[in-house]
Amino acid sequence: MAQKNTKRSKPDHYSERARKQGYFARSVYKLEEINNKFGLLKRSGRYLDMGAAPGSWSQYLVRTLQPDLKLVSVDIQEMKYQGPGNLHTVLLGDMYDHAIQQQLSSLGPFDALLSDAAPNTMGNRTVDTLASAGMAEHLIFLARSLVVPGGSLVIKIFQGGEEQNLLRMIREEYTTAKLFKPKACRKESFESFLVGVGRK
């Protein structure tokens with residue numbers, strides 16, 4: 001569910017670093033920075049990576065927390081990354097699909113729901129931000145039944161007016177709610193991340 005943009009072909013510092021460290025995408029450093037700031041990831045945890053392809057966030061989770069984690073990754077696209085079978089389960093399907101949601105219910109609950117997913121973009125910022133907000137709201141809804149009390153939530157959002165409404169929703173359900181843009185986000189990008197810590 002990664003956003004595609006053919007104009008972004010020139011490697012940068014984060015792309016080169018990801019290549020050298022064997023990660024599938026530069027987006028791994030967004031999660032690393034979020035974790036360093038908010039302290040979300042704990043050993044012996046259960047984690048859900050939504051919109052996970054190609055798999056750099058899942059790679060980071062396994063590298064950082066193995067052997068003491070259980071990870072479920074979901075995407076409609078094939079994952080390039082597959083962790084050890086005893087630690088990592090990959091579900092190929094749509095997060096809106098009821099069958100996928102049922103499988104997640106049986107595999108959970110989770111200590112955190114993490115998502116770098118983005119909708120297919122149209123090139124119209126108004127349309128794209130509304131689609132992103134709709135996806136974020138859906139993930140907040142899913143977290144109500146999938147994330148344990150005290151757990152966390154990280155969701156990518158395209159900034160464009162709806163993020164404050166979504167933050168209000170998160171504040172009602174989490175002790176801490178923040179809008180955070182990691183340095184690893186491209187300067188020209190209007191993406192940011194909704195972070196909820198301490199589910200009530």
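Backbone N, Cα and C atoms are what each Cβ position is placed from, and that goes for glycine too.
In TrEMBL, annotation is done automatically, which means it is predicted and not curated.
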Further S-adenosyl-L-methionine ligand in TrEMBL, beside Gly55, Trp57, Asp75, Asp116, within candidate set Asp94, Asp128: Asp94
Averaged pLDDT score, the domain 'Ribosomal RNA methyltransferase FtsJ' (23-198): 94
Taking residues Gly55, Trp57, Asp75, Asp94, Asp116, which bind S-adenosyl-L-methionine in the record, the widest Cα spacing (Å, whole number): 18
Which of Asp75, Asp94, all binding-site residues, has a Cβ with the fewest other Cβ atoms inside 10 Å: Asp94
Greatest C-beta neighbour count within 10 angstroms, which of the binding-site residues Gly55, Trp57, Asp116: Trp57
Cβ contacts of Lys156 (active site, proton acceptor) (under 8 Å, same chain, 6 or more positions away): Ser115, Asp116, Ala117, Ala118, Ser132, Ala136, Glu191, Ser192, Phe193, Leu194
